[in-house]
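Beneath this line is the structure, given in structure tokens, with notes to follow.
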Ligand code: AHG
Ligand code: MN
Ligand code: MN
């Protein structure tokens, strides 16, 4: 049986008029950078890549060596690609326009170079998340403000997961597709066309240790899940929490479920933990393109008007009917106020 490589898949998407040659090449460069990150991650203790970098990012989080290495790999791979006007990352305070001497293009790239940092040193799956936007018309050198476009404006989004196998999950707005890295040839090979998330689920993913900090609607929703068969939901639920968003979302794309990182009052200045521009938006598009849903508990993630590059949002995503149910608890509570 002939294999469909990522290269062939992208050429066919271009021939079908779904992507331009520029976008095809940009995605190929990002995929190649992710292959390099996969190699670095895979070396583990032998590569001297584990542990802290001894620095912090703009959000005051300690950076791991692999956060910095992955960020550098993505920046360098894209610098000479010629398809970008600028890029932005979890690990950089501000967006960086492509230097004048480099070839330029019309796209903006946002990424979380290494998601699930806390899992690096314990050999649990981590990943890279990315989102592609268009440079606004008439802008010459883009600044942070040019990135503040809603998730519906994304022309492509994806993640790679560095697990027992390395996979790339991609959407260009026409379904969500899975590719598996063939470690012998270094090529991503199409392994599932058109992923579909089951509409109903009996599995939820949440960090329960924050329960006492949640708002009442969230408390009520989870209480009802935990009540199981004899409670108002009339069925038993199972729980999973990997603490790498890529790994939790990957499970949901594969077998369904709901992933929640809600608002909590631990730090009232932070509306949630996850970042809108390079975590919630790309994951939201991938999930919607697979028939699932993504909200902030009240509204569709992809329609949120961004106000900051590193803005945080509550995230509810996965099986459509379960996300609708969780969202209903919040809306009902708002109406009762
Ligand atoms: P990052 O490593 O890019 O900062 O993201 C970590 C995120 C996400 O991957 C995960 O779902 C969540 O943080 C885990 O949070 P807890 O530590 O609260 O479980
Ligand atoms: Mn992350
Ligand atoms: Mn990260």
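Numbers here mean position along the shown chain, with the first residue as 1.
A Cβ is built for glycine as well, from the same backbone N, Cα and C atoms used for every other residue.
Now, the feature entries from TrEMBL:
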BINDING   90, 112, 114  Mg(2+) 1 binding site
BINDING   112, 115, 279  Mg(2+) 2 binding site
BINDING   115, 116, 117, 118, 207, 273  substrate binding site
DOMAIN    5-192  domain 'Fructose-1-6-bisphosphatase class I N-terminal'
DOMAIN    197-330  domain 'Fructose-1-6-bisphosphatase class 1 C-terminal'
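When the domain 'Fructose-1-6-bisphosphatase class 1 C-terminal' (197-330) is classified with DSSP, helix, strand and coil residues number 60 helix, 21 strand, 53 coil. Highlighted here are the binding-site residues (90, 207, 273, 279) whose C-beta falls below 6 Å from ligand 3: 90, in sequence order.
When the alpha carbons of residue 112 (Mg(2+) 1 binding site) and residue 207 (substrate binding site) are compared, the span between them is 20 angstrom. For the domain 'Fructose-1-6-bisphosphatase class I N-terminal' (5-192), the model gives a mean pLDDT of 95. Residue 115 (Mg(2+) 2 binding site) and residue 207 (substrate binding site) are 16 Å apart (CA-CA, integer value). Residues 112, 279, taken from the binding-site residues 112, 114, 117, 207, 273, 279, are distinguished by a CB atom under 6 angstroms from ligand 2. If you draw a 10 Å sphere around the CB of residue 273 (substrate binding site), it holds 20 other CB atoms from the protein chains shown. Cα separation, residue 114 (Mg(2+) 1 binding site) to residue 273 (substrate binding site), rounded: 16 Å. Counting every protein chain shown, the number of other Cβ atoms lying within 10 Å of the Cβ of residue 116 (substrate binding site) is 21. Residue 90 (Mg(2+) 1 binding site) and residue 115 (Mg(2+) 2 binding site) are 10 Å apart (CA-CA, integer value). In space, 279 is the closest of the binding-site residues 116, 117, 118, 273, 279 to residue 90 (Mg(2+) 1 binding site), judged by Cα positions. In this structure, residue 90 (Mg(2+) 1 binding site) belongs to neither helix nor strand by DSSP; it is coil.
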